[in-house]
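Student: From Swiss-Prot, here are the annotated features:
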ACT_SITE  Lys70  active site, proton acceptor
BINDING   Ser19, Ile20, Ser21, Thr66, Asn91, Asp106, Tyr221  shikimate binding site
BINDING   Glu82, Gly129, Ala130, Gly131, Gly132, Ala133, Asn153, Arg154, Thr155, Tyr156, Glu157, Arg158, Ile219, Gly242  NADP(+) binding site
Amino acid sequence: MISPSTKLYGLIGYPLGHSISFYIHNAAFRALSIDALYLNIPIEPEFFSKAILGIKYLPIYGLNVTIPHKESIIEFLDEISEISNILGAVNTVYRENHKWKGDNTDFGGFLKTLEDLNLSSDFSCLILGAGGAARAVIYAVLEYGFKEVYLTNRTYERAEKIAVEVKKNKNFEIKVIPWEDREKISEKVILINTTSIGLDGKETPWNGDFKKLVFVYDIIYNPKETPLLKLAKENNVPYKNGLDMLIYQACLSWEKWFGFVGPFEVMKREAEKLL
């Protein structure tokens, strides 16, 4: 029930038609009897500056930020977390001590799923993609303790740029391999897809030998089983989609908004109804 004292939260990005954040956060508010409402706030890139300046002065207590605004939001914030600074992206905004602050829970969301899976850090990781999601995944993989990380991207230079950043920030040597050589890797690896390949339900970023793969993680969550995950299943390779990462990053936003982590099971049940 909305009341005059209902606190507003929301998601900014463009477009937002695909997002399930509205449903999972509001389901969690209802489950915990929190007098709050979560809204979709679509902002076209050309109007972003004016819109965000207005939002700063409205009684909105917290925001999630998605594509294409995760980077452009930073200049409008008073402070950002260390991980946001490293990743160059913010996905959670909150008010604290009269300041508008930013954090990145994509990193923590992926790290939490790795911890749940309890994968052996003795294996190497092969990460496909070099966008914003790849950055969060790479730093989570390093935090988890994997000793060897390979990175490949359709644009080689983008992968190289990330490798240089990681070397500077973490003193860790990522091995960059050309996209066309990704399936030639000789050792057994954990494959992590951070690209959009498979979002259409038709393509797969891996047509190589599945005997080389000890685990397949595709951060796409809709469709639930991408062509990559279907192939993993057919080849008896354990696999996971990106739904838990999505839910965990949403739950971790609550830590900034309310001082406690959001209800994972409630949010996941709601998400599964929609997918």
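Keep in mind that glycine also has a Cβ here, set from the backbone N, Cα and C atoms.
Structural setting of the listed features?
Tutor: With a cut-off of 8 Å between CB atoms and residues at least 6 apart in sequence, the same chain places Ala89, Val90, Asn91, Gly132 near Lys70 (active site, proton acceptor), listed in sequence order.
Sequence-distant neighbours of Thr66 (shikimate binding site) (same chain, 6+ residues apart, CB-CB distance under 8 A): Leu11, Ile12, Gly13, Leu16, Ser19, Ser21, Asn91.
Its Cβ placed at the centre, Gly132 (NADP(+) binding site) has 19 other Cβ atoms within 10 Å. DSSP gives Gly132 (NADP(+) binding site) a helix state.
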Student: If you pair up every Cα among Ser19, Ile20, Ser21, Thr66, Asn91, Asp106, Tyr221, the residues annotated as binding shikimate, what's the maximum separation in angstrom, rounded to an integer?
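Tutor: Spelled out: the longest distance between any two Cα atoms in Ser19, Ile20, Ser21, Thr66, Asn91, Asp106, Tyr221 is 18 Å.
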Student: Where Asp106 (shikimate binding site) and Asn153 (NADP(+) binding site) are concerned, what is their Cα separation in Å, rounded?
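Tutor: Between the alpha carbons of Asp106 (shikimate binding site) and Asn153 (NADP(+) binding site) there are 20 Å.
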Student: Quick check: with Ser19, Ile20, Ser21, Thr66, Asn91, Asp106, Tyr221 left out, which same-chain residues have Cβ atoms within 8 Å of the centroid of the shikimate site Cβ atoms?
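Tutor: In sequence order, the nearby non-listed residues are Leu11, Asn64, Leu246, Gln249, Ala250.
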Student: Would you give the longest CA-CA distance, in whole angstrom, between residues of Glu82, Gly129, Ala130, Gly131, Gly132, Ala133, Asn153, Arg154, Thr155, Tyr156, Glu157, Arg158, Ile219, Gly242, the set recorded as binding NADP(+)?
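Tutor: Looking at Glu82, Gly129, Ala130, Gly131, Gly132, Ala133, Asn153, Arg154, Thr155, Tyr156, Glu157, Arg158, Ile219, Gly242 as a set, their Cα atoms extend up to 29 Å apart.
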Student: Asn153 (NADP(+) binding site) to Tyr221 (shikimate binding site): how many Å between their Cα atoms?
Tutor: 20
Student: Roughly how many Å lie between the Cα atoms of Ile20 (shikimate binding site) and Ile219 (NADP(+) binding site), rounded to a whole value?
Tutor: 15
